[in-house]
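I have placed the structure first, in the form of structure tokens, so that the comments after it can refer back to it.
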Amino acid sequence: MAKPRTSISDLLQQDQPYDIPDPEAPSAYQRDIYSAFRKPLFSTKPLEWERLAKAKVPTANFGYVQGSASSCKTYAANLDAFDRYRLRPSMLVNATRRDLSVELFGTKYASPILVAPVGVQKIMHADAETATAKACQKVGVPMILSTAATRTIEEVATANGSGDRWYQLYWPKPQEEAITASLLRRAKANGYKVLVVTLDTFTLAWRPEDLDNSYLPFLWGDGCQIGHSDPVFLAKYEEMQRNDTRPLTEKLAEAWDLLKRPGTPWGAAWLLANASKIKKSRAWLDVMNSGTYREWDHLKTLQRLWDGPIVLKGIQTVADAHKAIDYGIDGIIVSNHGGRQLDGAIASLDALAEIGADQKVKESGLTLLFDSGIRQGSDVLKALALGAKAVLIGRPYMYGLAIGGQAGVEHVLKCLLADTDNSLANAGKKSVKDVSRDDLQTRREAKL
């Protein structure tokens, strides 16, 4: 017996549950741009961000942020690696409402995107880290403050207000543990929840862009503000000055040698006017980037000094991930410093693929974060699929800062959040937690 046909009116009368898109979802930024009937603050294209920023700031300043180590091959490898992985979308999945939230070290965050620790932001915009801190608070993205900031720990915390913030440590040499302890006390007292320890920059890489411009901002006093505001460092510096028993002639000869270096009268005049700050900055650089390397056992000191999660930034191998687990570290950031340190190194995404697949890592509970190469929403999903719980954004928001200060950072972050949300929907996923390696195809698989 044939089943009776259901009429259109019967179908319309049936109570069919359905979802309504969330008007507050990050992807709503796309709708806001279209409905404004005018162009956004600036382009939504990452490549354009770089071009616009280059036109906004002095050549040496831009080169310091954009430049990389030696031949720039690691930087290029970071970007190229994303093209080796392709997303496999699933159809007819009700992804009308999506959940981008992640939990990291007991705190729930609205998205898997964090602002990476980038120093000397003043060279890109006068408002520097305070602009970034305000933008992060407004958009709801955690900010990781660099030890090489041009604003103090306290100033950034005030600007960030109720926002989430972590503190990144450029680890002083072992002889200066009192300064390390002071920095961490200040960070903890000002609401920084997680300590990020950078492991790949005890010595600066060979960076032709900066060398050709003879430009290291720290020697000009930029990026030293956290040190210059630290009571322990200042006390040590004052003691060092009191104990300087060299004869006046030797001190004058040193000053004259410094004044001759710029090769121009105005350069010498600037150095003369800022001689005291430059001298203090050189002393701070000797603390923060002395060329003295740390060892794994030194982590025990940080664990005594910091009451909270510790994350190691710069891990690139499974062996080092295992060591982090063995030393009781809470998380790692798979990063090669955006290609700024070791030239000819493995792409950070390839390192993540190896570490994220390791059985010991998966069973340990070690939190994997990713840095180096994120430019768009699909990049975020690929990193999550390979095992990262969240990703760090570096150069893109610095370009936004150069272009438009706080508003520029907000625009870049909103673009990346919207693109990630849209990509998640178009991949057929309801949540970032649903993204896995099964959703990726490699180029090798495609050829088979």
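Please read every residue number as a count from 1 along the shown chain.
In case you wondered, yes, glycine gets a Cβ from its N, Cα and C as well.
Cross-referencing 1-24, 289-312 with TrEMBL places the feature region 'Disordered' at 1-24.
Across TYR64, TYR170, ARG207, HIS337, ARG340, which the record gives as binding glyoxylate, the greatest C-alpha separation is 19 Å. Remark: ARG395 (FMN binding site) has GLU50, VAL65, GLN66, VAL118, GLY338 as non-local neighbours, by Cβ distance under 8 Å and separation of at least 6 in sequence. Confidence across the domain 'FMN hydroxy acid dehydrogenase' (38-445), taken as the mean pLDDT and rounded to a whole number, stands at 93. Note on the binding-site residues TYR64, TYR170: the fewest other CB atoms within 10 A surround the CB of TYR170. Looking only at the binding-site residues TYR64, ARG207, HIS337, ARG340, the one with its C-alpha closest to GLN168 (FMN binding site) is HIS337.
Comparing HIS337 (glyoxylate binding site) with GLY373 (FMN binding site), their Cα atoms are 10 Å apart once rounded.
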